[in-house]
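To start, the structure under review is shown below, and the notes come after it.
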């Protein structure tokens, strides 16, 4: 068909369509897009009713009721309910502190008595608060209160930079008292439309303000002191590194900054160079990688705040599930910023036995209360080879070396959650995790693990109580860690720890002849212990949270548990086919288990090499195939005569015989 005929045929075919579209255009109808109001009400084009379940689904979490599309256009992960519950509990206690200093009491649903709590105040501030109270009582005014769902004029100004469906912001408005406003921001137009619908659905339009903007630009626009946010919550998909610089500038003086990191593969040491590019620190592969990830995030936050004469004070740092979560307060002070270098440390970790040593970046000398002198620290604290096993050291960090929790604040959150267990769905887990945190040694960074110590010297693993008792008998402190179930956090040096393991090996001997003379196990066990360990169980070796049977380390809460895929415009619905694909991709690098019959059938597909050589004597009992390979003959092949078929195989210089492929 010629070009002219094709053009003529297309013009005749598309003419009715053009006429119809023109008519609809003049009638005010769009030919390609359905009516938005009809789509919102569940009807499609041409007046057809679309089933509501196909378009969206509704979930209830806490006091909020959220509608979001079943297609993966707006991100939502139900596993992080613990994250959101804990955030509500932390912001509630932070509001109690901030508003208590102003003489305002907060009312939390479910709490019996509302008491005003004032903490972290100087003596002058306490005197001012007492004067305010006396003035209020003298004038006969009732104490001011702040309730949930009401606007508090002197309350907290909250920003959720990456709101997605708006679930977290709506929960703040419905569950946290003492708020002035909540800004639910997202860069996706689809997400902001969904936030508006959910705000109307929960009747919190007076508190929650939807916003569509880049989170960084929005925070950069609120750098002025009068426009800063009291609370900033960042829960991105992946790394929060691009948002940290703007966040430390947009939070108010003494404000709360909540940051979540889900890029645990980077923070746990799988890609040290990527960790350095995002957080300014090298992560190491170690058993204490989860606590090291927390300390790297705190180092990155403090480093960015120092650029603007600000510094951070950690309130609570959590490693849970597949992410880490930190809650810090941000203050301004040039003198305090000078001490930041002495709060950071490098880590020297032995690649053989796993012993680690910390090297501070700076040194602060002087008597507390007087002038403090800052200088460079002296080091390194290790020799070129490990003194225990003779292996080399890896260098990691810098990381935060100071306490990662404020135990007073953690105790207040724990007390509030324990007194009102029906407030959150994950209250039991929050109690367990915070109880372990209150038992941690605050001044001991990182930890060892039971399996790490025993596998290094190839011996049986002692029980947790036995190792803890041995450390306590030797006058060392020891605790658990919320980041690892079998962690041993202690102030004992590595030499004392290996002496205890040498004493344990004498009770459970290792076959020395199987050890290589250059292995860490051989070198550690070849030294006699200078410390005689006592493994008698002590009563104080069993921590209180373990005795009470609290839920400290939760198992996987659901099938196919873990991080969810990133939300994408026009994303496909998470149907059964996608769930099946996720299940099949789990452990894809591991060979699936097979029974004896499957293995025998698989081996029968391989020819037996000994049968080809004429040396196989197993016959039919051989697990490999004895069938001769069938030659493939082409369609125009000429059948060979008997004389030709009995000839010996041709050599590499022989001409190719016709008919054989």
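Even glycines carry a Cβ here, placed using N, Cα and C.
Caution: TrEMBL annotation is automatic and unverified by curators.
TrEMBL assigns the feature region 'Disordered' to residues 539-580, out of the candidate ranges 497-538, 539-580.
Summarising model confidence by region, the domain 'C3H1-type' (602-629) averages a pLDDT of 85.
When the zinc finger (602-629) is classified with DSSP, helix, strand and coil residues number 10 helix, 2 strand, 16 coil.
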